[in-house]
Amino acid sequence: MLKLRNINKTFFPNSINERVALSDINLDLDDGDFVTVIGSNGAGKSTVLNTIAGKVSPDTGIVEIAGRNVTRMKDFKRAKYVGRVFQDPMAGTSPDLTIEQNMALAERRGLSRGLSFGITKAKRQRFAAALEVLELGLEKRLSAKVGLLSGGQRQALSLLMATFSEPKILLLDEHTAALDPERARLVTHLTEKVVAEKNLTTLMVTHNMSQALEVGNRLIMMHEGDIILDVSGEAKASMSVEDLLAQFSNIKDAAVSDRTLLQ
Amino acid sequence: MTVTLELGLIYAIMALGVYLTFRILNFPDLTVDQSFTTGAATAAILMVNYDLNPVLALVAAFIAGALAGIVTGLLHAKGGINPLLAGILTMLALYSINLRIMGNRANVPLLGHDTIYSWFNSNGITGWVLILVLAVIILAFKFLLDWFLGTDMGLGLQATGDNEEMVRSFGVSTDAMKIVGLAVSNGLVGLAGAFIAQKQGSADISMGIGLILVGLASVILGQAIFQNRYVTRFADTAAGRLIFGTRNREVLLATTAVIFGSIIYRAAVQGALAIGFHPNDMRLISAIIVVLALLIPKWRVRTRAKSKQTPETQPALQEATNAQA
């Protein structure tokens, strides 16, 4: 479903701030893979996601989605294949538009946007039915401005919008990190539910090691722009947070961030 | 009274255009200052030199204005030029182009040619009847804009001004949206220019200068006065829902406010003239109106916060002010 081949990316090359973000990354995701990505700050997790989404164009290498080479495709065109949920709950929705207008936007991912009505009765019914899954009562507030929703509600809506039109790849960039523990659990639960229901190929960055182990069928660990651990299936299921930490300390000079240790 | 309403209604077309860029796209577009004249000049020349039908001349003015908007849009979206600078560049270039359109003259009189106004006059449409006719025309433009902003494309345009990152992640080309928005906006402005030219009987190279201020004043004034909690509460009632709907209510409320704003602005100008200000003072007065309309809502919030001070909230407020200091 997703293929990354020999991806290299250096930020600010030939300057004092030169930083190798990705060095020769190779990654293959099968249809329906749910991969969690962990690693210390600056390991290149977000850069991988941005490379897949088309926000960052790699210096070398090839990005292939569903057998199509999309390396040179612009981010908004690639959005046809890629759904995203951002860390910031404000980032994934349009605050001045209503819930149903946001969903109408999301529903037309990858389709042309013409001059037919954005909101119709049929669409409202579809949106209400989809929102019911969230169990947040949003289906009764279709014409409320999204700016009025709480962070957790907005993030749940973002998730729904990102998965609404069944993208080939779903990218989740620490999408529960800005939420309180209870909301984070809710959004994580919704994520698992939606991904399973639609059998989405998913890449989820997280700082929470236990979450990284609980969720998904595969785990990769990144360090300094490299994938240093890739476990799936049984091997992943039998791993503990201690094992992961041991892996971390195995790396020479590994800079384990405070944040990682706290969890 | 009728003059105020008449000018207010015609300039409301331009104000709707300014609303589209300034509020919806969040793009302070200065092209307006000259695309107004571009519309007027195009219509006047087509009517004088080619005897074009006055209504078709309005259509031509829309297209000419839209082209100017597309240039600004390309400069910004494809050239990466700052929105203000892109607008200024197009505006300055248009001054020369407008003179060219008018055959290197500063003024094109429409004397002796059919205009919408001569048609109004010969059909006895004057005074209050004219106001009514103009109101219907302006409402038609408002409904068109309301409809456009409620379509799939319109929603993409609205979201572009609101959250660019998000709307790109759903496959909307924000560049295309900005160009479309600027085109429609300046098209409306050009059409308003042609309308004014037909009303005053000539197109003039300086007729658009300072108009961005008029547009901003109408938008800001209208929204400051009209979009308050009483109106929002009314929009929630059955009658309000009938008028403003629920699908795209914010836009319908705002476009209504902009039309009112345009009329209120004209009334303010007439009032200033009536109490003895010179027409030359109008720019200053317009600027002051815009500044006041921008500042008064902020003052209101502050005084409301102060009047609500209670022993419990006071420490919090104190803390907030301390933090600010």
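Every residue gets a Cβ built from N, Cα and C, even glycine.
What TrEMBL says about this protein:
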COMPBIAS  B:308-325  compositional bias 'Polar residues'
REGION    B:306-325  region 'Disordered'
TRANSMEM  B:7-25  transmembrane segment
TRANSMEM  B:55-77  transmembrane segment
TRANSMEM  B:84-103  transmembrane segment
TRANSMEM  B:125-145  transmembrane segment
TRANSMEM  B:176-197  transmembrane segment
TRANSMEM  B:203-226  transmembrane segment
TRANSMEM  B:251-276  transmembrane segment
TRANSMEM  B:282-299  transmembrane segment
Contacting positions for the transmembrane segment (B:125-145) when only residues 6+ beyond its ends and CB under 8 Å are counted: 2, 5-6, 9-10, 12-13, 16, 20, 184, 188, 251, 255-256, 259
Among the ranges B:7-25, B:55-77, B:203-226, the one whose Cβ pairs under 8 Å to the transmembrane segment (B:84-103) are most numerous: B:55-77
The transmembrane segment (B:203-226) versus listed stretches B:7-25, B:55-77, B:176-197: most Cβ pairs under 8 Å: B:7-25
Long-range environment of the transmembrane segment (B:7-25) - Cβ separation under 8 angstroms, sequence gap at least 6: 32, 36, 131, 134-135, 137-138, 141-142, 145, 149, 157-158, 160-161, 177-178, 181-182, 184-189, 191-193, 195-196, 199, 211-212, 214-216, 218-219, 222-223, 251, 254-255, 258-259, 261-267
